[in-house]
């Protein structure tokens with residue numbers, strides 16, 4: 001037999017060559033014991049090696065394997081390249097001292113005081129985030145939904161918080177209604193991690209559901225023997241998902257990470273909604289109100305009273321608003337910019353403004369007596385306003401006069417007071433009281449920082465003058481009505497969400513978005529309660545210059 005290994009008495013291995021084929025000269029010179037193409041060629045002994053009669057050291061694993069029976073080409077290549085020698089193996093077995101053992105760890109060099117100072121803020125944020133999660137769980141919020149909405153808020157996408165989530169988030173993120181939630185906020189980052197852990201804990205503690213039986217298929221219904229056959233293997237290749245476990249299938253269920261934005265309200269102030277409140281939802285709500293038989297003039301009066309004087313909306317109109325999906329009240333802590341009643345109010349003013357004045361339904365008004373009976377004791381005739389609703393029992397002269405000014409644009413204070421104050425001697429005091437409530441705000445108009453009309457009409461701000469654009473595209477006042485710099489009865493301003501020093505010009509980063517409005521209507525709104533209509537912070541004549549910007553031609 002060719003290539004049989006034999007061992008002598010001393011335990012040294014030698015090769016017996018029985019191949020009858022002649023060997024090459026190189027093989028004769030080197031004393032190689034095999035020249036077959038099927039066996040590896042043993043390298044010749046170096047010149048400085050001891051003679052062959054000296055006792056040879058025990059062969060290594062490579063030599064023993066090379067002297068074995070005929071090997072394949074892959075085995076020879078692995079033998080020549082991959083198998084380690086004895087020297088390599090001994091080197092690999094030496095213990096090596098790592099650099100980490102030679103040098104102390106960085107954590108060991110830190111002092112306890114420095115570590116405590118560096119980790120204290122993060123521990124505070126973690127504890128705060130955990131308390132928010134506990135509050136959400138105790139209020140029954142959907143933690144998975146909260147986690148998704150928080151992710152959208154940090155990314156600047158649209159969100160749809162529930163009432164519970166919105167109330168809790170406003171407690172811990174007070175600037176959320178105006179500026180959203182920053183992705184760099186440490187509390188937001190820790191809260192996102194706490195919500196992720198809470199979702200995983202809920203998933204782990206949930207009861208295991210039995211997998212839904214899948215419909216029978218040729219691959220799934222075949223017997224065990226056929227599964228092990230060639231046909232069974234082919235069937236599994238054609239339908240690979242049939243053989244997966246239920247856990248694998250459940251883990252690969254697609255998750256919609258971009259929820260649809262239908263009926264979702266942006267957490268940041270939407271400039272498009274601020275420029276034009278008559279959007280599709282408001283128009284659809286108006287159509288629904290008309291189908292219910294609601295008088296649009298009565299609706300406009302109720303909305304103006306609720307927005308400007310914070311008077312409750314009548315029950316019948318409130319019920320109709322609820323039927324079209326609009327909350328008939330504005331919470332004290334809610335921004336007016338984001339409330340659908342403002343959208344409805346703007347759309348309603350646009351719709352009624354398109355109608356001829358002769359076709360408008362009359363507003364509820366005080367019964368008008370004959371002209372002969374309207375003379376005052378001093379011989380003067382009463383001044384009748386175009387819109388003069390009935391006076392409420394709880395309204396004093398100042399409150400009723402401010403409401404008349406709001407309902408009758410262009411009418412002066414004296415004319416409005418003369419319309420409902422019968423005693424001529426009492427009129428000057430009422431006029432002074434109304435001006436005292438309005439003038440401190442309106443008198444600041446000329447002192448405000450300016451924004452040119454060209455800058456206001458840029459794509460960033462998007463102001464559109466009613467004198468230059470179509471009615472459907474013009475900018476409306478936050479409290480209703482089209483805005484135009486050519487209207488002498490209006491003081492067009494842009495009210496910012498953030499205050500800045502009066503020496504600084506407007507900047508998107510510092511002041512955030514602008515809400516365009518008539519400063520006269522803003523003064524009437526602040527006469528009832530001096531608070532910012534968007535942030536609910538204190539807004540009066542002393543600090544309005546830090547928020548407002550005058551739009552100039």
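Glycine is treated like the rest: Cβ placed from N, Cα and C.
Here Swiss-Prot flags 1-123, 198-227, 239-275, 361-380 as region 'Disordered'. Per Swiss-Prot, the feature region 'Host recognition' maps to 1-308. Taken from Swiss-Prot, the feature compositional bias 'Low complexity' covers 24-39, 217-227. Residues or ranges marked as compositional bias 'Pro residues' by Swiss-Prot: 47-60. As annotated by Swiss-Prot, compositional bias 'Polar residues' applies to 242-255. Summarising the annotation, Swiss-Prot assigns region 'E3 ubiquitin-protein ligase' to 309-553. Per Swiss-Prot, the feature motif 'Interaction with Pto-kinase' maps to 325-328. According to Swiss-Prot, the site 'E2-binding' annotation covers 479, 525, 533.
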Cα-to-Cα gap, residue 533 (site 'E2-binding') vs residue 525 (site 'E2-binding'), nearest whole Å: 9
Residue 479 (site 'E2-binding') and residue 525 (site 'E2-binding'), Cα-Cα, nearest whole angstrom: 9
For the motif 'Interaction with Pto-kinase' (325-328), mean pLDDT (0 to 100): 80
For the motif 'Interaction with Pto-kinase' (325-328), residues assigned helix / strand / coil by DSSP: 0 helix, 0 strand, 4 coil
Other C-beta atoms that fall within 10 angstroms of the C-beta of residue 479 (site 'E2-binding'): 23
Fewest Cβ neighbours within 10 Å, where candidates are the recorded sites 525, 533: 533
Reduced DSSP assignment, residue 525 (site 'E2-binding'): helix
Assigned conformation of residue 479 (site 'E2-binding') - DSSP reduced to three states: coil
